[in-house]
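J.: First the structure, which I've put down as structure tokens, then a few questions once you've had a look.
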Amino acid sequence: MNDLRKETDSLGEVNVPADKLWGAQTQRSLEHFSIGRDLMPREMIQSYAILKKAAANANYAGGRLDGKIHKLIVHTCDEILAGQHHDMFPLHVWMTGSGTQFNMNVNEVISNRCCQLAGTALGSKLPVHPNDHVNMSQSSNDSFPSAMYIAAAMNVTQRLVPAVEALHDAIAAKSNQWDDIVKIGRTHMQDATPLTLGQEWSGYAAMLADGLARIDDALKGVFRLALGGTAVGTGINAAPGFAEAVAAEIARLTGLPFVSAPNKFAVQGAHDALVQLSGTLRTLAGSLYKIANDIRLLSCGPRAGFAELRIPENEPGSSIMPGKVNPTQAEALTMIAVQVMANDVAVGFGGAGGYLEMNVYKPLIIHNIAQSVTILTDGCTNFRTFLVEGTEPNRKKIKEYVERSLMLVTALAPVIGYDKASRIAHYAMDNDLTLKSAALKLGFVTEPEFDRIVDPAKMVKPYVAEIKVPLAIGAKTG
């Protein structure tokens with residue numbers, strides 16, 4: 001059995017494992033809220049270390065924090081930022097809605113590590129007290145949401161955005177490479193007029209670019225921090241100027257444009273900026289779902305489907321059917337998209353859970369956003385690396401579909417009229433003819449007219465056929 005030590009808080013003594021850096025309040029949370037397997041996101045450990053370091057710097061600069069205590073706190077925060085002590089943050093997501101227990105977990109770990117560095121006993125709170133020093137000028141009610149915003153912003157800008165940009169660039173490169181491949185378009189899952197494969201993929205690239213722009217716009221609100229609002233947004237126990245100073249310090253430490261929120265009541269009673277950010281993740285997920293499904297559909301086959309695209313073989317596709325290749329990267333990405341959409345529903349409900357001066361669904365919100373960002377990042381990277389970059393067109397099959405398509409008749413409509421063009425398409429279908437054969441049999445155009453007007457390469461951009469020679473008998477309506 002592990003040795004224990006006594007730690008104290010306002011409720012009395014608590015037994016804590018002797019080798020752990022956390023204190024009484026963390027231990028109480030472990031005993032009362034060990035629910036499920038979801039731990040607080042690792043990103044929150046890092047963001048809180050940044051926040052506590054910035055607060056110590058601001059309090060020291062403001063003359064409120066002793067120099068030796070300041071150095072101990074900063075040193076410990078730097079250790080955490082370097083990846084040390086992460087096993088000292090064991091709390092589960094499903095705790096108090098304010099995140100107070102996690103804030104105290106951070107305060108206690110920093111305090112006890114400072115005690116170790118100073119050569120004093122764990123739990124002595126000397127020379128660094130978890131509340132008086134580490135939590136100086138703060139409340140859980142403003143520090144936890146600020147840590148949420150820092151974690152979300154860093155995770156999005158440092159991980160998700162580069163991953164989406166790389167996927168966008170890979171798709172855009174394919175679009176440019178395939179701009180000369182004319183293929184048949186499809187609407188309602190039925191044949192439509194032609195476009196190029198490059199144009200089709202340019203749409204995918206544009207969707208991702210738009211998604212990145214939406215995320216960038218949403219981040220503007222996430223950069224506004226609650227820190228300095230303390231308990232209810234008034235700033236009680238925070239010195240004048242602390243809010244602005246600590247936000248500037250966080251901006252310096254992260255390289256991101258964090259500022260003090262102009263109205264602390266709004267960002268402590270609600271977290272609309274994170275709800276908006278989650279909405280942009282949901283929109284991105286919807287785009288990825290469409291892109292993955294399109295590629296999955298166009299690659300279906302190889303002999304009884306569209307088979308317009310050849311996708312890489314990641315692994316054997318079946319335990320019973322030899323030689324089968326499945327679009328597993330597309331399937332994985334669509335599952336990720338569904339999970340992100342579900343997470344957004346939770347974030348939306350959580351964001352609405354602001355009662356009076358404080359939102360009480362904070363851990364739920366950051367848990368779901370952190371998961372969404374992580375799986376979107378990894379999903380985009382895998383989809384690019386193991387599918388997009390290795391995908392190739394089946395030019396023979398694409399050409400065959402274009403030549404067989406009845407919807408090329410659309411180019412004839414401005415010349416012979418919609419009704420006659422429709423008759424050609426139906427006649428070709430009913431008699432198993434090519435479009436050209438049907439048009440000539442009905443006598444609506446001559447062969448030279450058909451060849452000039454019905455040119456798939458012309459139809460991939462704005463194009464209206466002109467009448468340059470007398471039309472065949474019966475071509476004009478009336």
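Any Cβ shown, glycine's included, is placed from N, Cα and C.
So Swiss-Prot says this about it:
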- 98-100, 129-132, 139-141, T187, S319, 324-326: substrate binding site (BINDING)
- H188: active site, proton donor/acceptor (ACT_SITE)
- S318: active site (ACT_SITE)
- E331: site 'Important for catalytic activity' (SITE)
J.: Among the binding-site residues S98, T100, S140, N326, point out the residue whose Cβ has the most other Cβ atoms within 10 Å, with all shown protein chains included in the count.
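T.: The most densely surrounded of these binding-site residues is S140.
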J.: What is the Cβ neighbour count of P130 (substrate binding site) at a 10 Å cut-off, with all protein chains included?
T.: 25
J.: Tell me the coarse DSSP state (helix, strand, coil) of T187 (substrate binding site).
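T.: Where T187 (substrate binding site) sits, the three-state DSSP reduction gives strand.
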J.: Of the recorded positions listed here (S98, D132, S318, K324, N326), which is spatially closest to H188 (active site, proton donor/acceptor) when Cα positions are compared?
T.: N326
J.: Rounded to the nearest Å, what's the C-alpha distance separating D132 (substrate binding site) and E331 (site 'Important for catalytic activity')? Just drop the number here, would you?
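T.: D132 (substrate binding site) to E331 (site 'Important for catalytic activity'), Cα-Cα distance: 52 Å.
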J.: Report the same-chain neighbours of T187 (substrate binding site): residues 6+ apart in sequence with Cβ closer than 8 Å to its Cβ, ordered by sequence.
T.: none
J.: Please report the distance from the Cα of N326 (substrate binding site) to the Cα of S318 (active site), rounded to the nearest angstrom.
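T.: About 8 Å separate the Cα atoms of these two residues.
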J.: If you count the other Cβ atoms within 10 Å of each Cβ, which of the recorded positions H188, K324 comes out on top?
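T.: Max Cβ neighbours within 10 Å, all protein chains included: K324.
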J.: Relative to the Cβ position of D132 (substrate binding site), how many further Cβ atoms are located within 10 Å?
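T.: Other Cβ atoms within 10 Å of D132 (substrate binding site): 13.
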J.: Can you give me the same-chain residues 6 or more apart in sequence from S318 (active site) with a CB-CB distance under 8 Å?
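T.: The answer is K324, N326.
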J.: Over all shown protein chains, what is the count of other CB atoms within 10 A of the CB belonging to E331 (site 'Important for catalytic activity')?
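T.: Result for E331 (site 'Important for catalytic activity'): 13 other Cβ atoms within 10 Å.
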J.: Please report the distance from the Cα of P130 (substrate binding site) to the Cα of E331 (site 'Important for catalytic activity'), rounded to the nearest angstrom.
T.: 48
J.: Under a three-state reading of DSSP, tell me whether D132 (substrate binding site) is helix, strand or coil.
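T.: Note: D132 (substrate binding site) is helical by DSSP.
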J.: Per DSSP, S318 (active site) is which: helix, strand or coil?
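T.: Assignment for S318 (active site) reads coil.
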